[in-house]
Amino acid sequence: MPKNPSQYILALDLGTTGNRAILFNHQGEIAGQSYQELTQYYPHPGWLEHDAIEIWQDTCNIIKKVLKTTNIDITAIAAIGLTVQRETCLLWDKTTGKPLHNAIVWQDRRTSSLCHQLKTEGKSVEITQKTGLIIDPYFSATKLTWLLEWVKANNPSVALKNVLAGTIDAWILWNLTGGQVHATDHSNASRTMLMNLDTRSWDRDLMDLFGIPERIMPEIRPSLSYFGETDPQLFGAKIPITAIFGDQQAALFAHGCNRPGLLKCTYGTGSFLIIQAGTQVMRSHHQLLSTVAWSTENSAYYALEGAIFTSGAAIQWLRDGLKIINNAAETETLSRQVTDTKGVYFVPALSGLGAPHWDMNARGAFFGITGGVGREHLVRAVLEAIAYQVKEVVDAINLESTLKVAALKVDGGASQNDFLMQFQADALGVPIERPLILDATAQGAAFGAGLTVGFWDDYDSLIASRIIDKIFEPGEDREQVQANFIPWQRAVERAKNWVH
């Protein structure tokens, strides 16, 4: 019998393109869910913002909606687990509860010049040594610098003593607790470029370097711990919040990657590969990131990560930008209509290139277009590029580690695409394992929250109960797929350093 009499765990998965609430029962099954798409704001080329008020209002709405549609009372929820898009950050006024500017999203490149300046000043080695990260606009530090300077210039009446800073988890936690708790967890803090990976605390030297007062930053706590409880005025009850993860780390937790060498890839807006590295920080020699996987009151687990900025975002661009598809599912049908791309290669550098290149001046491109190329060839080239980017990172991981990648666990929206998953298996030459529940980020947050309050007793048995939907084995096209990787790499080299 479970120790906790409540019947459900509520997972909040606050992502880049939308926000989701999912209820999990004692069997680890989804009992209900609700979703709200999130507005994207592009004020200038290369800039991307979210309205933090919209994220908070959506969070309240999706919680109320999932409870209403399932006819479940709030008191039946044992705990809340929160997982969020990482690096996206904001400043807000604690006296008004209002953001001082839109949140700056992880894909935003507005701080490229500041990052370039830091590199020319020789700060790369120090920052990587302290944080495990590579100087890039992707991370929160330069975004917070920009926001503080913007507030000083445009809203000088705001007193710094009233300003709070944080990633999306800190903002939502602060609101859920009625402004009582200003905290984050180690997995999110490790993505700011401000947390020392060895001490797992804010690094004073880096705070000074980026001009960020430590007092405005949230307290860092273990991922699996008691963060506070919901303000009863919000939903009618006090519900404990007992796990916070960055979205990719939550997926790693859901896949049961709790031993060194276990690897997962989430195909979302970007693709994110994380390999569990154990309880010691593992330093990369191949442009991968060292990061916190998750932490408990007693220990911390680390990981190596390859962050790819554009995967699902490229499919969204085909739909909304080029308007050559009506929906994401169409990409599979179109790709199967042709046997190859007719020599077309796509470089998905719509927000620069992440791992293993880290080139903020790269730009997206199609190469090899001739008169006989149709939209199906372009669409197939985009899917192939998503898989080839993952291969680049897996190759880097294999160079890095004594633990060679023997299989890849996958999740996220694009992992529903059977063509892409088979192509991925052929490109890597290893099996691809797709679970029945693809919402691994929400599942990981739920597992963490439930284990913390004793809703579930044992992590291993929880993982063992997960159902595998399909395993994609490398097929007869494997040799051709791997041969085409070489000209694709040539295309990538041509797209790099495009903007001078």
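Note that Cβ sites are derived from N, Cα and C of the backbone, with glycine treated the same way.
According to Swiss-Prot, the protein has these features:
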BINDING   T16, R86, E87, Y138, D247  sn-glycerol 3-phosphate binding site
BINDING   T16, T17, T269, G312, Q316, G413  ATP binding site
BINDING   T16, R20, T269, G312, G413, N417  ADP binding site
BINDING   R86, E87, Y138, D247, Q248  glycerol binding site
I need the nearest neighbour of R86 (sn-glycerol 3-phosphate binding site) among the binding-site residues T17, Q248, T269, N417, using C-alpha distances.
Q248
Given the recorded glycerol site (R86, E87, Y138, D247, Q248), which additional residues of the same chain have their Cβ within 8 Å of the Cβ centre, ordered by sequence?
Q85, T88, W106, R191, G246, F272, A307
Given the binding-site residues T16, T17, T269, N417, which one has the fewest other C-beta atoms within 10 angstroms of its C-beta?
T17
Around the ATP site formed by T16, T17, T269, G312, Q316, G413, which additional residues qualify by having Cβ within 8 Å of the site's Cβ center?
G15, G268, G270, A313, I315
What are the non-local neighbours of Q316 (ATP binding site), defined as same-chain residues 6+ apart in sequence with CB under 8 A from its CB?
T17, T269, A328
Please identify, from the binding-site residues E87, D247, the residue with the sparsest Cβ neighbourhood, meaning fewest other Cβ atoms within 10 angstroms.
E87
Please report how many Å separate the Cα atom of G312 (ATP binding site) from that of N417 (ADP binding site), as a whole number.
11
Measure from the Cβ of G312 (ATP binding site) and count the other Cβ atoms within 10 Å, all protein chains considered.
21
Alpha-carbon spacing, R20 (ADP binding site) to E87 (sn-glycerol 3-phosphate binding site), which is rounded to whole Å:
19
Please state how far apart, in Å and to a whole number, the two most distant Cα atoms are among R86, E87, Y138, D247, Q248, the recorded glycerol-binding residues.
15
